[in-house]
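K.L.:
This is the structure, below, for whatever I ask next.
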Amino acid sequence: MHFNEFDLHDDLLQAVDSMNFQQATPIQEMAIPRILQGKDLIACAQTGTGKTAAYLVPILNSIATHPQEHISTLIIVPTRELAQQIDEQVQGLGYFVNATSIAIYGGTKGPEWDQQRKALTQGADIIIATPGRLMAHMQLGYVRFDQLRHLILDEADRMLDMGFLGDILKIMSQIPAQRQTLMFSATMPPKIRELAKRILQEPEEIQLSVSKPAAGIDQQFYLASDQQKLPLLVHLLKKVNTPSMVLFTSRRSSVDSIVRALGRLGYDAYGISSDSEQSVREVVLRDFKNRKFPILVATDVLSRGIDIDNLSHVVNFDVPRDPEDYVHRIGRTARAETTGTAITFINQDDQPRVLRIERLLETVVEKQAITQQLGLGEAPAFAPRSAKGNGSGDRKRSGKPSSNARSGAPTAARNPDKPAKKRSPRRNRPRKSPSAPTSSAPQDSSPS
DNA sequence: AAAAAAG
């Protein structure tokens, strides 16, 4: 279905056109008409499917057709980077409708607080906020949501994981009951169902292939001890011409040491975690998106929703403890129906988690053991003790439980169906995000 | 045994 088949305001069609949106993705095709009708919605969709535009387009349509003075839309998200990214999308799509927006989040030291207060008092069409900072403003009493018509909870399952339920309910208690509410969640656990029941009215429900990675991702598992991981990574990097790689690690404390180790090996890498200063987080992410350096080392702060064009690789330096996070991490690549490679290093301790991931994916991925032939010593054997978790006995065991050291052949673990069509959405953003400071590449990770 | 978010 083409975008101009939706019943959209002329200005918005122009915006959609300027962004070169043509064919709607499945989630957009399903969500846009229902949101246009004013229905509440609960949608379960993998990231990288055009989820954000699926709600921004109809919301902006509502703003174009019924302009109002004060805030019409509140979008709540779990991380600051996601808030900023959505704000940038609003800037692009909202340009021709003259929609105003602001991202509201904490961690900043500059004039942001006053800018945020001003937007909240004098009005902006769309507010994109992380819960903590929004609450802080609300407690000061000047935030008015009396004209609010649309509330969106994005990455709702993540927000509950992060303990935001109380904040969300408190925020919701101060916005009109007469409103449209949209919930987007990667998964649909009972807690999400409960919340949906509580805050949605006769919701439409959209389910899109739950927890399955995109078809274009080539998943590769390598057995490696902690000492072998870095040299193995270097070996794999040598085979790539111009890598654009996000390397995930589960610990904030490892980000810096990996960045420094890569620096010593001559790779230009920078890191992001909640330990980084917010201004550094922003500059590093922007510079990485602009391909100013090839390797970004990050914690799971970036595992959800963050959109990076043409990311060639995701590397899991360790296996995430939550199998859902694996799907989210590797979903940073092969977005918008392109292709990408997801490499996961598995040491002895990581192995039970691998079984849980494979159970979630309903796929067994070949465990490659190539460290020996690279002269890095013997790889850890793949012999997971167990995959602690729910006691259901349907656990699938890997067909090849032990290390088959001679198989250097690339694994065949991509999802079988769907050819990887390339769509390459050309984004000529009509207006730049107003808040982006321009400065040069970050300065703090050269070899010491 | 982690991560994120308010300061």
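Backbone N, Cα and C atoms are what each Cβ position is placed from, and that goes for glycine too.
Residues annotated as compositional bias 'Basic residues' in TrEMBL: A:420-432. Summarising the annotation, TrEMBL assigns domain 'DEAD-box RNA helicase Q' to A:1-29. Residues or ranges marked as domain 'Helicase ATP-binding' in TrEMBL: A:32-206. Per TrEMBL, domain 'Helicase C-terminal' is recorded for A:232-377. Annotation comment: TrEMBL describes A:380-448 as region 'Disordered'. Residues or ranges marked as motif 'Q motif' by TrEMBL: A:1-29.
Tell me about the setting of these features in this model.
P.N.:
Mean pLDDT, taken over the domain 'DEAD-box RNA helicase Q' (A:1-29), works out to 93 on the 0 to 100 scale.
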K.L.:
Just to be sure I understand, if DSSP states are collapsed into helix, strand and coil, how many residues of the domain 'Helicase C-terminal' (A:232-377) fall in each?
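P.N.:
Here the numbers are 57 helix, 25 strand, 64 coil.
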K.L.:
Could you count the residues of the domain 'DEAD-box RNA helicase Q' (A:1-29) that DSSP puts in helix, in strand and in coil?
P.N.:
16 helix, 2 strand, 11 coil
